[in-house]
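See structure below.
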């Protein structure tokens, strides 16, 4: 073939020969660059090692992706919010800033005295501030209250910081949404092909699953283990399907009754968690500012009580759900999904209960002075910063719990099982590396980051460091202190479901952010929106500064006259793509039937030829 190609090249013109040679060289360079860039991929070797041994590809790549996503979000917030504030404040590049005092606002609404440390400060005070975001951290770039300038000037250029703050918030939410949708579409395609025909998937693994480019013995061993794990999972699922099909009426009645009873227990656990979080939040709000309480440790415990109760609920409830799910006799993939739904409901609802309690306290006004501000200025002079502190504490406590579980639970248990031959200890064994629990930690932490970034622009940087450290903690836990799940679980089929649950977490994050931006009055004593009634009010105020023609265009786009036809066009486009997808599906089914018929025809011809040769 190479000789034929070289012969054909001889008869080409000089331009065509150069064009073909350049195209070939460019493809080779791009291939080498792509191969070289794969070695720069974060945790590439670690993930491949884990994949070959345990095939937990649904957990560790998510940690890598979230680490990169949060880093990009941090760069976005730092570039458009923090950096202009720092440059203008210190007069770098001949820059300056402007602060506009709020108009038609009572003077008492603009009073904000951060709880900074003054005089001699003990070490444990710094430790408390580091864990809670108070004290010296409250007045830094970490929280919303630091960004009090209204405009930054660089030479003759003006920079609208309030508008940039709001647009950067919309940008990181949109970026996260697009990232999840992109990965979900890829997972949906894989899931659709995988679930189309189980026998076809089995044949693909047996006859076309090996990578013949592998030359390294270690890589071959990793690939062998990966294929073995996939085949084991297929057999496990087929065994469960056969078991379900052979159930008698009595067995079905027993298992359904047991499932109903277990779901009642689950509802009781959920109710207990929500009530505990609600009571802890109310008690903390009522007693954390008690000036008569001279016991520093008790006051500190009361202040952190909501975060502690939420962390305990998030730790205890998944353990109960993981224990109960083993009695419901579901498939491994469905066990992960059901356990995840139950646990993520506890975690996301716990954040919702906390925010609802805070907002009820923020919006509660029983005096004329308070009503003049629009929020409880006495308890929350800068309520955005205090909400950011709560999100900060939740993330820090979640990180502490992950480290504490590995150091003080998994390692001692590993030592006991290794060095103690007692039957109870050996029967108890090592803790299993639960996929649902670990994915739940990722989704929970990312939801906190999405909600808290508006109130704490540096929270994505903390989340990036957290995910980076947690990756190695989880790796050490999996390799040395825990054992893989006794029942095999297909990571590839569950990957799409994890992304869907993550999408639910992002959509739920839109709700508190939307309420904070559009409904609750912004603080008049801190932040970039001091001069506006709400954070969203900066948008119409900016539009009023546009030329009259552009204002009319934007008003027309925002009117019902534009929205109704636009919605109808979107519906027509959606129906068209649905019909197109249905047509493509029918064509695929016809092609598959045609392939089956051709295979039967070939078998028929082989039989005829064999019979003719015999005669």
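Cβ atoms here come from the backbone N, Cα and C positions, even for glycine.
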Look up transmembrane segment in TrEMBL and report which of 422-447, 448-473 it refers to.
448-473
Stated TrEMBL location of transmembrane segment, expressed as one of 22-43, 44-65, 66-87
66-87
For TrEMBL, the entry transmembrane segment belongs, out of 232-255, 280-303, 304-327, to 304-327
Checking feature assignment: transmembrane segment per TrEMBL, candidates 125-143, 144-162, 163-181. Which range matches?
163-181
If you check TrEMBL, which stretch out of 496-520, 521-545 is marked transmembrane segment?
496-520
Residue list, the transmembrane segment (339-359) vs rest of chain: Cβ under 8 Å, 6 or more residues beyond ends.
266, 270, 273-274, 277-278, 281-282, 285, 306, 310, 313-314, 317-318, 321-322, 325, 383, 386-387, 390, 394, 436-437, 439-440, 443-444, 447-448, 451, 497-498, 501, 504-505, 508, 511-512, 515, 520
Look over the recorded stretches 163-181, 304-327, 448-473, 496-520, 562-583 and say which has the most C-beta pairs under 8 A to the transmembrane segment (66-87).
448-473
To the transmembrane segment (163-181), which of 260-278, 448-473, 496-520, 562-583 is linked by the most Cβ pairs under 8 Å?
496-520
I'd like to know the mean pLDDT over the domain 'TMC' (382-492).
81
So if I exclude everything within five residues of the ends of the transmembrane segment (496-520), which remaining residues of that chain have a CB under 8 angstroms from its CBs? That is, six or more out.
58, 62, 166, 169, 173, 176-177, 180-181, 183-184, 187-188, 190-191, 336-337, 340-341, 344, 348, 351-352, 355, 359, 362-363, 375, 383-384, 387, 439, 443-444, 446-447, 450-451, 454-455, 534-536
Hey, which bits of the same chain come close to the transmembrane segment (562-583), Cβ under 8 Å, at least six residues off its ends?
556
What does DSSP give as the helix, strand and coil breakdown of the domain 'TMC' (382-492)?
86 helix, 2 strand, 23 coil
